[in-house]
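See structure below.
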């Protein structure tokens, strides 16, 4: 397999240490010629890509059903059964295709077998003859989604190093990790593109990188959803050949595929065909034509068997033929057309649960939470430094808006005739922090959740450590943006040049940023981008109504006054107004030829209903908002991941 760097030339700086060169003794074994790659294995055979016989996984499933439940507030809950008591067996060391027309249930079956989908599932899945423990099974398997969910700002080598640090145990040294990485990159033909960022890889290279990242932990079972989607014929062939080689080493590799060409079809060892949630064929690819002959529906000469079985499954030749195929296979119970006719008499292999428990008892993750957090923080800070949208645009917007507001309200803070204008400025500052921060979070978090879903399911890290890392990573940038904005607008608008007042103003503004980040995380975690961008500003309207701006809190009707307690803007506005006009501020400068009704700050505070001695309480309230919203966002994110399954 020759690696071609057709995805771009952008280089990455090798932040994660090492050059990829590995010293020490290695053993080179050549894989089949059609792959044109070499397999580099460690001399101690501890972390190579070959699975021992004892670790192979023989999968079997009985009476599998899946019922999709659709809930609606305005209508009754509807249930639809997608899989109908299907059966089957996927032996180790084989490349297995799940085929069928659109809507047949291919991806659903793959989700069920991988453990990705657990709600609404009936029946039993066996691993080596024993009922499968889903959580233990996840340690021995991986799931590669149809869309390549990669970190676009990291090179191939950097992504592999991150995966190695998260998926391999801490006691595996750097030299061994580099050997494993180079081994996998060589096998998958990615050595020449190891310094190219994922965003600039070709479609085939992205697919191979997705596979490479999961091979780090040497899974015994691999599930791939439509691995050839979006690839040209050459890339498809390369991808399937690669999977064939990986299966020949003892893995059980199962992938869905829609309608392969005759050449691609020949690479598969076994095929499992679905029609409307039922099994119409399972067995060897070479035995499909004899199967058609046996049931009285011979495949036309020079016709691709893969195309013909899809035509039959679609009902193009009549629904009675579909029913007959289901009966002939006993909905997957028949093993008559397997490559090994004695498959039903084979012995049960090693119990994967017991073997895996010895390695890291009680923990489904390879490394400690501390190590996960360390790696995720390192990845997060590097990503923040490279992300022009999240970092540079965010800083630029804060500088631009602060200059605009500073120009518009020039010296308003030290002019007794412009006290109300200055009050409008203070509220505008809070609204800027609210919308700029919250909307950016709502727009960016869905992409993060897509990657999180894949990595979390494949046991890269715990959700707790991921959430902690994104919270910590964003704090320095938010402080820089908020401080820069505050410094520019504060001094351009002529606010009191006192450090205490400035810090009170900055702290109030910074806490608003943290509050709305939590609100944005909560909205972005639950809703898609379209609904989130609508809901976010809508939720801010009642916050503005009960902030005390426009309508004083003391003028609110008694039945609405409770709203002021749940409005973070009420506490933030009280904090910044108290910082500017509280602390026994002296008389505000008033031109001789003008009337200044609010030249005495105390008069203004009484008018707007703000008490200058409430700053500490305001800060405590904002901190409480930060904590509650962040924790709520975490719970929503966890529920989101559970709902997907």
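Cβ from N, Cα, C; glycine included.
Keep in mind it's a predicted model, so treat the numbers as computed, not measured.
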Scan 503-527, 578-602 against TrEMBL and say which stretch is down as transmembrane segment.
503-527
TrEMBL tags one of 371-390, 391-410 as transmembrane segment - which one?
391-410
From the ranges 534-553, 554-573, pick the one that TrEMBL records as transmembrane segment.
534-553
Seg_contact(the transmembrane segment (534-553), the transmembrane segment (503-527)) with at least 3 CB pairs under 8 angstroms, min sep 6:
yes
How about long-range neighbours of the transmembrane segment (619-637): same chain, 6 or more residues beyond its ends, C-beta under 8 Å?
449, 463-464, 467, 471, 507-508, 511-512, 514-515, 518-519, 521-522, 525-526, 568, 571-572, 575
Take the transmembrane segment (466-491) and find every residue of the same chain, 6 or more past its ends, with a Cβ under 8 Å from one of its Cβ atoms.
373, 376-377, 379-381, 383-384, 390-391, 394-395, 398-399, 401-403, 405-406, 425, 429, 432-433, 437, 448, 452, 456, 497, 502, 505-506, 509-510, 513-514, 517, 630, 634, 637
Need one number: mean pLDDT over the domain 'ABC transporter' (59-301).
90
